[in-house]
Amino acid sequence: MYFKKKYIGLIDKNCEKKILDDSSTIKICYILIGILIGTNMITLIYNFIFWDNYIKCYRNNDKMFYCPNDWVGYNNICYYFSNGSFSKNYTAASNFCRQLNGTLANNDTNLLNLTKIYNNQSMYWVNNTVILRGDNKYSQKVNYTDLLFICGK
């Protein structure tokens, strides 16, 4: 039957063909599978032991951080930009940011650069001041003006 089959394979030193039966073929398959599993296990163990070498941010020793959905990560801070139809006055914007466990973003150079990258077509509330359209400037505004806003955390 099936186990009685013989296969021609491997050549001996005298260049004569050897005949392999099913059991020797299966043994060779088991050996190859064992070698593959063994090398995978060694690789996994090595990676587990030396994992710290793989997770590094080399620029300024930054640490990895994650932001919630709809937030933008920049310089280890998460920012929420309100969209075009979602403008509020200063007090309402500040309260909304608190509901998101954040505050109105502080006005600094990093945020100014981010607004130029992210969206330079609007004015945003940030910490009781406003980032002007497309300019590298801040301007004081009255608190009741409805504008877009940026939360940070």
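Using the three backbone atoms N, Cα and C, a Cβ is placed for every residue, glycine included.
These features come from Swiss-Prot:
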TRANSMEM  31-51  transmembrane segment
TOPO_DOM  52-153  topological domain 'Extracellular'
DISULFID  Cys67-Cys78  disulfide bond
CARBOHYD  Asn83  N-linked glycosylation site
CARBOHYD  Asn89  N-linked glycosylation site
DISULFID  Cys97-Cys151  disulfide bond
CARBOHYD  Asn101  N-linked glycosylation site
CARBOHYD  Asn107  N-linked glycosylation site
CARBOHYD  Asn113  N-linked glycosylation site
CARBOHYD  Asn120  N-linked glycosylation site
CARBOHYD  Asn127  N-linked glycosylation site
CARBOHYD  Asn143  N-linked glycosylation site
Candidates Asn83, Asn89, Asn101: member of the glycosylation sites with the richest Cβ shell (10 Å): Asn89
Tertiary neighbours of Cys97 (disulfide bond) (same chain, Cβ under 8 Å, six or more apart): Tyr80, Thr103, Leu104, Phe149, Cys151, Gly152
Among Cys67, Cys78, Cys151, the one of these disulfide-bonded residues whose Cβ has the fewest neighbouring Cβ atoms within 10 Å: Cys67
Mean predicted confidence [pLDDT] for the topological domain 'Extracellular' (52-153): 66
Integer Å distance between the CA atoms belonging to Asn83 (N-linked glycosylation site) and Asn89 (N-linked glycosylation site): 14
Three-class DSSP secondary structure - Asn101 (N-linked glycosylation site): coil
Secondary structure of Cys151 (disulfide bond) (DSSP, helix/strand/coil): strand
